[in-house]
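In TrEMBL this protein carries:
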| type | residues | note |
| --- | --- | --- |
| DOMAIN | 177-269 | domain 'Transglutaminase-like' |
| ACT_SITE | C185 | active site |
| ACT_SITE | H243 | active site |
| ACT_SITE | D266 | active site |
| BINDING | N306, D308, E355, E360 | Ca(2+) binding site |
Amino acid sequence: MDQQDGILSLQLSTPANAPIGLYRLSLEASTGYQGSSFVLGHFTLLFNTWCPADAVYLDSEEERQEYVLTQQGFIYQGSVKWIKSIPWNFGQFEDGILDICLTLLDMNPKFLKDACRDCSRRSSPVYMARVVSAMVNCNDDQGVLLGRWDNNYKDGISPMFWIGSVDILRRWKTSGCQRVKYGQCWVFAAVACTVLRCLGVPTRVVTNFNSAHDQNSNLLIEYVYDKFGEIQRDKSEMIWNYHCWAESWMSRPDLQPGYDGWQALDPTPQEKSEGTYCCGPVPVRAIKEGDLSTKYDAPFVFAEVNADVVNWIMQEDGSMCKSTNNSQTVGMKISTKSVGRDEREDITHTYKYPEGSPEEREAFKRANHLNKLTDKVETGVAMRVRVAQSVSVGSDFDVFAHITNNTAENLTCRLLLLARTVSYNGVLGPECGTKDLLNLSLEPFSEKSIPLRILYEKYCECLTESNLIKVRGLLMEPAANNYLLAERDIYLENPEIKIRILGEPKQNRKLVAEASLRNPLTMPLLGCTFTMEGAGLTEEQKIMDVPDPVEAGEEVKVRVDLLPCHVGRHKLVVNFDSDKLKAVKGFRNIIIGPA
């Protein structure tokens, strides 16, 4: 660009399709017959969502800020009737994270097998998304996280306990790239989001409620119950209460036009894709259109949001009777954080056409989804499970089987109501409430609500960290051999963590934060800890033990000094853990004013 005396000014411009990664910049100079080489330094090249020629170009500045630059966000959990948000620190720009992400790329089996070929393919975000999807789990390689779903996490850390990706990635690197214990779907998805945002790929975490895990690609999940409403036959095909994956924004030059944009990728190890535990990226648009021939793994993702559920009742003679169940719809309330706001955005419409619309039927025909095209059998009797109000951990509460008889007949039925604790992936725990009415009379054109009382003393020891109780109602009409099944997953709310900032937040000044929580239970809490993530925290400040015990109804408080902060806005994320209250999360946005 310029030369003055002994100073030469150079400008380097990389092609938009150059492979990402760590580069060495050297200068070779020759004077006459003598040459010299000087290493000027190193630089890291990332994908550039601001560059129109880049494969990850996004034309909305608000979305670029949200999906590449924002380091905090929310992940959605709970149940389809009660969606809760948990704060998450993605932390893609925190110290050392970029180096860890580059190490992750160099630990992937494709690089170890053929480094030159792997590096040359790093210009493609499609390839990079596939590598990250495989490396976030450790099933085939020295990946980051080991998954576990059996509520036994004593030799590691419970998936519910994590509040950010930074600690996970640092643990993986400092342990010599040994797997971190343990992860579940939202943890896998959040770590993948951190890595891809760090590499410059616009990425977000999405949650699908009532998510199907279909292993044989028949788009059908079948449950078999006995006459007491108990599930028979242990099956790996299940409906998860919710399931999280990631979406990344990129062009798809390897596919037909129209499939650029959001691509679903799932690092949770469920099924193998081309011999490796990874999933995607597959265009969200292809899922909506029912185009299951699209790369990668379109049939599996399509089933997650569209599979049909069929329930069978096993008779004493071994024969099967199909039951009616209109309460279980797969693929609902697909959620992600809104752009620029701490609110939930429903993106179900990007995966599915409106139910019953001509476009939906065309998509099902294209996907050969004949189950969904079969007309539903409507009966004159309907049942659903209701709960009167929001329910908190530690409380007793009522649920109701609300039954409607729309026929002109007087019906005599048997009603079974059963409540069991359940994990978010559908695995049932012990019974915590039951009712069996042998001769329930339903008058013509009438409604009835039958209550079931669920006591804290019954569920307190068996409630999983998912805070979910599944209530199942089975209505049997012996005279007509009819069965009606209704289900409801009830989320029990944790107590609120209150976070106060003491004093006015100013740039370059120390800040004091106070976190408090009141024990809502009728018994004391033991082994209580507060864990914090956010700007201005040292490693020693991130975990704070609370003296035992915290008595019933007692409020416990901790204070932490935050180091001087330079940014204008950040989020303090807090997790509370004890023997009875697991992974209670809270957050506080902190606006830092000028010094």
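Note that the numbers count up from 1, one per residue, in the order the chain is shown.
Cβ from N, Cα, C; glycine included.
Since the structure is predicted, the reported quantities are computational estimates derived from the model, not experimental observations.
Sequence-distant neighbours of H243 (active site) (same chain, six or more apart, CB under 8 Å from its CB) are C185, T207, N208, S211, H213, T268, E304, N425, listed in sequence order. Other C-beta atoms found within 10 angstroms of the C-beta of N306 (Ca(2+) binding site) number 24, with every protein chain shown included.
Ranked by Cα separation from D266 (active site), the binding-site residues N306, D308, E355, E360 are led by N306. Counting residues of the domain 'Transglutaminase-like' (177-269) by DSSP class, helix then strand then coil, yields 14 helix, 41 strand, 38 coil. The recorded positions in question are D266, D308, E355, and the one with the fewest Cβ neighbours inside 10 Å is E355. Around C185 (active site), a 10 Å sphere centred on its CB holds 27 further CB atoms from the protein chains shown. A sphere of 10 angstroms centred on the C-beta of E360 (Ca(2+) binding site) encloses 19 other C-beta atoms.
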